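Engineer: Quick paste of what Swiss-Prot says about this protein:
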ACT_SITE  Cys411  active site
BINDING   53-54, Gln131, 177-179, Asp197, Arg202, 243-244, 264-268, 274-275, Tyr323, Gly493  NAD(+) binding site
Amino acid sequence: MKDPRHDDQREIRAPRGSELNAKSWLTEAPLRMLMNNLDPEVAEHPKSLVVYGGIGRAARDWECFDKIVEVLKRLEDDETLLVQSGKPVGVFKTHADAPRVLIANSNLVPHWANWEHFNELDKKGLMMYGQMTAGSWIYIGSQGIVQGTYETFVSVAKQHFNGEAHGRWILTGGLGGMGGAQPLAATMAGFCMLAVDCDPSRIEFRLRTRYLDKQAKDLDDALAMIENAKKTGEAISIGLLGNAADVYAELVKRGVTPDVVTDQTSAHDPLNGYLPQGWTMEHAAEMRLKDPAAVVKAAKQSMAVQVQAMLALQEAGAATLDYGNNIRQMALEEGVKNAFDFPGFVPAYIRPLFCEGVGPFRWAALSGDPEDIYKTDAKVKELIPDNPHLHNWLDMARERISFQGLPARICWVGLKDRARLGLAFNEMVRNGELKAPVVIGRDHLDSGSVASPNRETESMMDGSDAVSDWPLLNAMLNVAGGATWVSLHHGGGVGMGFSQHSGVVIVCDGSEAADQRIARVLRNDPGTGVMRHADAGYDIARNCAKENGLDLPMLKD
């Protein structure tokens, strides 16, 4: 039987330029960003609607994709399209300041929120895994995670190596849509990196897009290349074809200790995202259909081997961190009782940024013209003149990051700056500096938009790790504020049962009405992050709330 989610004939690319295909830019924007998610330059497996992260899809099947496109082209500016796990289920009359699209992906009642139940529904065509930005139509390729990874690695260097990364190297696994950002982020931060992946096409793609510098013939070759780079002080990234569990265990056996150890394989999804040791990709694909339970068991056993190796490398002196793929949880379930002895990256390195509402602010040029991004880069520098670290990031991004699909930029800024930047971009559209509108969004991995006890909300100081009211409040506030589209997802990053999170996108179309919406949404959205962390007792967040005039009734002076 033909899989309705796969079509070899499809090649999707977002329209460029200033000509509308829909009735306004408020509906043209989600149309273009949906299509951009499936651009072959952007998506991991576009012919199967898979954007990134195992099976993170943009639409449930091709019939649903076609219908979403059809509806967006006819949608009026006082109507809202509802999308249920990648399927367009209704159009309702709302008003001009309401979102044009509301999306709910992969949400299950908690008792049933596990991969087994999800996979049953997925097989029946009743659900879709939206990951974070796959099903919410704001994925911009690996750049979307580069700066966050860069910030993490810079923080690692500060905490462990007195700020000096040169002559140090990082071991990691996974070069998919998220993991593929690691080699570039590492070399930008001054580290060398050895990145292991079992899929040769992923290594080739990262080499082609300049995220990865070189490919090694084997582990001996890779280690020799790293030793040479350490001597010369060069920061290089090396891809190695292999199974991460095998390579990590072999390094332990050899007594070779990297300076830093992490992992970004798709361990969150043991059925579709992680290749068991000793298996070929072809055998795994066959077994997923024949005996999915055996695949899950074998994958989790291999993850346990990898985590045991990570713990051994930590014991030998490596700075070891979980990069948010839930591999520790999978190993724990396989009997590795001390799997959580190494920390997640958010509590270890990122949380102080979240306390000030700083997170992965991103925008894309609907014109398709890179010059629009370069002009907005300059505007960011103009409006935030006293942040050399941010300026350095923008300079490196322009020099070293290849655009995938529509030109876009990621730039970590917080409560103080997001609305100012959004209003400035809207003014640039209004006065013709930009050739077409821009969309502003973010990852769901942000300060106020996610509950994920094994990642973003791990080890909250008040113990509120699993409280998921916060992303629900964030989504509702963004709807009330007039965002262009808002999404509520479950299971992104760490898999079914382990996270709830929300996304937001707003269009800068140059109108005065957009000014009002932008001012509300881009203050409120990061404001909920400051609120969430202030409520948990973080002094940085409480001070930020006071400095920025947030009205938090329970916050004591």
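Residue 1 is the first one shown; counting continues down the chain.
Cβ atoms here come from the backbone N, Cα and C positions, even for glycine.
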Engineer: What count of other C-beta atoms do you get within 10 angstroms of the C-beta of Ser266 (NAD(+) binding site), across all chains shown?
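Structural biologist: So the Cβ neighbour count for Ser266 (NAD(+) binding site) comes to 28.
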Engineer: Cβ atoms within 10 Å, counted per site: which of Ala244, Cys411 has the most, among these recorded positions?
Structural biologist: Ala244
Engineer: Would you mind checking how many other C-beta atoms are within 10 angstroms of the C-beta on Gly177 (NAD(+) binding site)?
Structural biologist: 30
Engineer: Let me check the 10 A CB neighbour count of Gly53 (NAD(+) binding site). How many other CB atoms are there?
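Structural biologist: That number is 28.
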Engineer: Far apart in sequence but close in space: which same-chain residues, 6 or more away, have a Cβ under 8 Å from Gly493 (NAD(+) binding site)?
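Structural biologist: In sequence order, Gly53, Gln131, Met132, His268, Gly324, Asn325, Asn326, His444, Leu445, Ser452, Arg455, Ser499, His501 meet the Cβ cut-off.
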Engineer: Would you kindly give the Cα-Cα distance separating the residue listed as 'active site' and Gly177 (NAD(+) binding site), rounded to the nearest Å?
Structural biologist: 18
Engineer: Using a 10 Å cut-off, grab the number of neighbouring Cβ atoms around the Cβ of Asp197 (NAD(+) binding site), all chains included.
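Structural biologist: Here the count is 26.
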Engineer: Helix, strand or coil at Tyr274 (NAD(+) binding site), per DSSP?
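Structural biologist: Tyr274 (NAD(+) binding site) sits in coil per DSSP, no helix or strand.
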Engineer: What's the CA to CA span in angstrom from Tyr274 (NAD(+) binding site) over to the residue listed as 'active site'?
Structural biologist: 30
Engineer: Express the distance between the Cα positions of Cys411 (active site) and Asp197 (NAD(+) binding site) as a whole number of Å.
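Structural biologist: Given the Cα positions, Cys411 (active site) is 27 Å from Asp197 (NAD(+) binding site).
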Engineer: Would you mind pulling the DSSP three-state label for Ala244 (NAD(+) binding site)?
Structural biologist: helix
